[in-house]
Amino acid sequence: MGSLKNDEEIEQMGDGSAKEAILYVNGVRKVLPDGLAHLTLLEYLRDSGLTGTKLGCGEGGCGACTVMVSQYDKSTKTCVHRAVNACLAPLYSVEGMHVITVEGVGNRRIGLHPIQESLARSHGSQCGFCTPGFIMSMYALLRSSREPPAEEQIEECLAGNLCRCTGYRPIVDAFRVFAKTDDALYTNTNPKEGEEFVCPSTGKPCSCRLKVPVDDKCASVHNTACGGERYNISSYSEVDGSKYTEKELIFPPELLLRKLTPLSLTGFNGLKWYRPVRLQHVLDLKAKYPDAKLVIGNSEVGIEMRLKRLQYQTLIHVANVPELNILNVKEDGIEIGASVKLSDLLQVLRKVIDERAAHETSSCKGIVEQLKWFAGTQIKNVASVGGNICTASPISDLNPLWMAAKAEFRIVDSKGGIRATQADKFFLGYRKVDLQSGEILHSVFLPWTGQFEYVKEFKQAHRREDDIAIVNAGMRVSLEEKGNQWVVSDASIAYGGVAPLSLAAVKTGKFLIGKSWNQELFLAALQVLETDVLLNENAPGGMVEFRKSLTCSFFFKFFMWVSHQMGGDNSASLSVPLSHLSAVQPFSRPSVMGSQDYEIQKLGTSVGSPEVHLSAKLQVTGEAEYADDAPMPSNGLHAALVLSQKPHARIVSIDDSEAKSSPGFAGIFLSKDVPGDNRIGAVAEDEETFATEFVTCVGQVIGVVVADTHENAKLAARKVHVEYEELPAVLTIREAIIAGSYHPNTEKCLKSGDVDACFRSGECYKIIEGEVQVGGQEHFYLEPQSSFIWTMDGGNEVHMISSTQAPHKHQKYVAHVLGLPLSKVVCKTKRLGGGFGGKETRSAFIAAAACVPSYLLNRPVKITLDRDIDMMTTGQRHSFLGKYKVGFTKEGKLLALDLEIYNNAGNSLDLSLSILERAMFHSDNVYAIPNVRIVGRVCFTNLPSNTAFRGFGGPQGMIIAENWIQRVAVEVNKTPEEIKEINFQGEGSITHYGQQLQHCTLAPLWNELKLSSDFCKAREDVNHFNRHNRWKKRGLAMVPTKFGISFTAKFMNQAGALVNVYTDGTVLVTHGGVEMGQGLHTKVAQVAASAFNIPLSSVFISETSTDKVPNASPTAASASSDLYGAAVLDACEQIKARMEPVSSKHNFTSFAELASACYFQRIDLSAHGFYITPNIGFDWITGQGDPFSYFTYGAAFAEVEIDTLTGDFHTRTANIILDLGYSINPAIDVGQIEGAFLQGLGWAALEELKWGDEAHKWIPPGCLYTCGPGSYKIPSLNDVPFKFNVSLLKGHPNVKAIHSSKAVGEPPFFLASVVLFAIKDAIIAARAEVGHHEWFPLDSPATPERIRMACLDQFTEPFITSDFRPKLSI
């Protein structure tokens, strides 16, 4: 055991003090040994076998690791339940608490909790990797709620959880039932005197909110609830929010009686961990260890130590020091202890706002509003006021507010002496504050505001929710009446995100004082402000023009807001024109509402039915296993990659001497150690397993290190010193074009008609030319890349479990690198935590690296990439550059398209040529163009190889087309929708690559969408809104799509399956496809169930394995249901044909009887099925053929609203319609549509990759800046359209695929570009206000920067010209 306290402290604590560090996990008592201070709670839980809690990012940004931590608050005599990120929580920080993981909520053996059941039934889990985190966030909310939570509270509690699959709507729907107000068990939430409180989560008497001293009642509650076991199991019929099962684990009685004691423990590499319980103890420790870091939530220090590689030897956990946890409401203000958690501060401030006079709490309201968008609930539950202040981040959301609100920071020294300093004097420089050695921040004093004193918060981030600020601000002004003028008596303005520290705009504040509050003052102050806030061209963070404009926009918003506040009650002279009120109206988000409209075309027992995902119940309980969940044997090793730090260089030397002396080191392996061939590649062998002489990107694998733990392997890998001779690097498409840097033999051309003759003919009313830049996108699958490899029979065989969409490719890579035949290598995949193309080819080189030490050492090796390494090394969606020349008639009829299209492949070919080809095929989108010439080139750059991503180049080709369509509309003064309609392809149309369209449903689908969206009325409403709102604008758009289904490489359109029928009537199906959340296994099982006319529950699919179905194509191209469904059906039909002679002679009462009878007749009940897609093929020499089996058509409508002053936007409505034939499973298909749309919305409007290139000189060359959820923002729940409606076209069966269905995975993705074009429509309205009616480019993603800088006005004019185009890494 570790030393918990000294003798003197033990005496002071009394007899109830503990002699050992303990923790309860899911009701089980755990003793924590000394030496684990370096561990997080997540590492401890997963090492203990509780793998339901997932590692998604390691920085508290995705919520996959969410658990509930409960502790007893002796001051309020209540049990406090909080959702926290286990990946950040130090293990010892939860000592003396009760941790409940998803396994403790419910499981298949004892029954599911209603939260789990509801999420499963609502189709709220697809890949399932994020699911336990959502369950725990919701569970913690219910356990901590005294009354049913409002829908807003439910959505707020999920702000810290990300999902890449579902689109969030079904998750919200699943949890919405728990917000119902007529729940029988919730009606008694305010017990009368003498009555017991009924917990809203359990429906049983509970200590959660009791305000009476704890006595033996707690023990009796424990006995009643547990009955000698962990749970009492009770059944329930339907989950409707009104009934709860009696399964909650109650708070352990031992912890109720346990007294808080100091801790002194240790960790790896001499780390010391202290938990003082008195202020003086903190001060003594700080005097003894001046460099010690104080931690509470570990949300900053944890990231510094793990991601920034900073080493702190002493950590002092001050969360439990009473003197630092004060929250005193006084006559002159509120005193806030430095250790007060942000969620507690939020709660108290909301209460204060309700209770005190409105004018006193202006600062409080500003802080409450800022905290709403500060971070997810899990972070706010642990992060502290003092931690946020003393971190001194230049983008802290709260520090500018403290500064503006005249807050006073109280500082205590080692002798207990307290001094005070004003907040605006506290920040001295980058991460430097006014704390001397031995001093700590004690508390913050926030004064009440006076009459006519106003404080306001501002923030603009890439994503509204749970995101760090680009720029934020706090502003305060105090006015007094002099004559009939309002004069500024005091003012303070502070900004974050514009300097190395939170910056007080001192000159502007002084300028305001003594002057009348009017328009003249505002305009003059704006001039001063521009000199107060200075940013140089290459300032870290970039976006300099945007950040400068935001400082002005925020000040304008503040001026308008104060004027509106004053004008409302006191002075007509300060009133704000109605059309300008949009500058100050707060954002208010309604709850997500969605509709799903489809028909069920049932075939047999299961096909056509909206069945729940087969793994849903495993996923909601955390029992579903992923690659990294595989238990490690005692002799297992962990691997970490040695990566290049340069974009292009010659390797001069590799020094591994320091690594070899690293703790737990077991070996390092370089190119010289590869037993087989070091050359690898998806299509061309243009990569190396381990770099030999040259590196061609940052993140290229140079070697692999293995050690006894994951952390030790990473530590040893970092100690490998590589000396480089740097060489010139090509980092962008434009640089590649200039340098002629292309991958060999990758220039492609498609021609139809005669483009040049058309341009010369004079037919064209106009010929326009332009460029479209399309940014890349990170896959951000929640489950990082992972492989677990081991040998058998002394190395004669190699087996692996991999997170891959292409097990056969892993098999090939490993066999190739080890010099083994394919027959001796087996790859298995149970399920993926998301893939989206990112695990098709770029997962294989990771397995190739890890197989070398496993094979040579004859020991199991597991490799799981950290999120930042995953993002830096495995490639993304290709960025594209399109150069177009388009000719058209006066009516807007298209005549000719001449297009040059380039993609950024990175340093290897991978699948880039096929992606380029698909982009070229889709460059017409749905438009008939008589004359077409498309030339494509694959650029070689010194970036990690880009790869497949949902849509596979199709979306890039189509978005380029939609851009020039929109420009044509401007040129002929028509709406984009009119131009689209007169150019639509139809039945019998011939594409530019010679394929005739058959069964084209574009027209009925488009017309149905237009009608259901009431497009004309929506346009009138938007125009009306825009006429009456100067600073907020709305926009509309409709976008169609036509997505070709098939692998464009003909040989890949094949599939195999193995079907086994057992004598009990159950069926085991194995096929070559991989389940990654898309519901492939569920659909295939439905095909088998209907084929045999048996219940779906009788069909089981275990895993995908190369020793069951060989040579399988990757699970990609949206075609897997078509391919594997048909292969399984083939196998089922073979078995049925063998059964038929038996079944025809007897009247069997069940399939089990038939199977048993066939067995006794010696009939083979196993069959291998096979399917090839017929009638496809394309000849690139002639430029003609049918590359696609058929097309999936769709269309989308969107209405958005933008804030023209900040670039903030939200999607008010999104209506989507797709033609999916007769869906095999409409519920799964709708989930795919919603998920694809949200992922596409990220690509079109949120997610921006920033590389160290010419556009971003503040980033080291070739390095990826956006390499984690802290800097790369995928859509959150807050980004879901307010109204999200999905419908499937009815009555159009697809004759080309199994059971008349159509592929769904990729086609909906592009439809999200409708949001980008709706944004552009809104920007057009904004630009019209200042007389700009010309066409302008809007690159994707349409981030707040691009939106705001396109909305020209007086606040952008000082910084940009009208043709300004924000920088983009392409």
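Cβ coordinates come from backbone N, Cα and C, glycine included.
Because the structure is a prediction, the values reported are computed rather than measured.
TrEMBL lists 19-105 with the feature domain '2Fe-2S ferredoxin-type'.
Per TrEMBL, the feature [2Fe-2S] cluster 1 binding site maps to Cys57, Cys62, Cys65, Cys87. In sequence order, Thr40, Leu42, Leu55, Gly56, Cys57, Gly58, Glu59, Gly60, Cys65 constitute the residues six or more apart from Cys87 ([2Fe-2S] cluster 1 binding site) in its chain with CB-CB distances below 8 Å.
Annotation source TrEMBL lists domain 'FAD-binding PCMH-type' at 266-451.
Taking the Cβ of Ser384 (FAD binding site) as reference, residues of its chain lying under 8 Å away and at least six apart in sequence are, in sequence order, Ile296, Gly297, Ala319, Ala338, Ser339, Val340, Lys341, Leu342. Annotation comment: TrEMBL describes 294-301, Phe374, 384-388, Asp397, Leu441, Lys459 as FAD binding site.
Annotation source TrEMBL lists substrate binding site at Glu840, Arg918, Phe952, Thr1048. All protein chains considered, the CB of Thr1048 (substrate binding site) has 21 other CB atoms within 10 Å.
As annotated by TrEMBL, active site, proton acceptor applies to Glu1306.
The [2Fe-2S] cluster 1 site is set by Cys57, Cys62, Cys65, Cys87; from the centre of their CB atoms, other residues of the chain with a CB within 8 Å are Leu42, Lys54, Leu55, Gly56, Gly58, Glu59, Gly60, Gly61, Gly63, Ala64, Asn85, Leu88, Gly133, Arg867, Pro1269. One way to see the shell of the substrate site is to take the Cβ centroid of Glu840, Arg918, Phe952, Thr1048; the remaining same-chain residues with a Cβ within 8 Å of it are Leu911, Ser914, Ile915, Glu917, Ala948, Gly953, Gly954, Phe1047, Ala1116, Ala1117.
Note on Glu840 (substrate binding site): other Cβ atoms within 10 Å of its Cβ, all shown chains, come to 26. Take the binding-site residues Gly297, Gly387: by the count of other Cβ atoms within 10 Å of each Cβ, the lowest one is Gly387. Between Cys62 ([2Fe-2S] cluster 1 binding site) and Glu300 (FAD binding site), the C-alpha separation comes to 16 Å. Sorting the recorded positions Glu300, Glu1306 by the number of other Cβ atoms within 10 Å puts Glu1306 first.
Mean pLDDT for the domain 'FAD-binding PCMH-type' (266-451) in the predicted structure: 94. Of all Cβ atoms in the shown protein chains, 28 besides its own fall within 10 Å of the Cβ of Cys65 ([2Fe-2S] cluster 1 binding site). In this view, the densest Cβ surroundings among the binding-site residues Cys57, Cys62, Leu441 belong to Cys62, judged by other Cβ atoms lying within 10 Å. For Glu1306 (active site, proton acceptor), the nearest of the binding-site residues Leu294, Glu300, Leu441, Glu840 in terms of C-alpha separation is Glu840. Residue pair Gly387 (FAD binding site) / Thr1048 (substrate binding site) shows a Cα separation of 54 Å.
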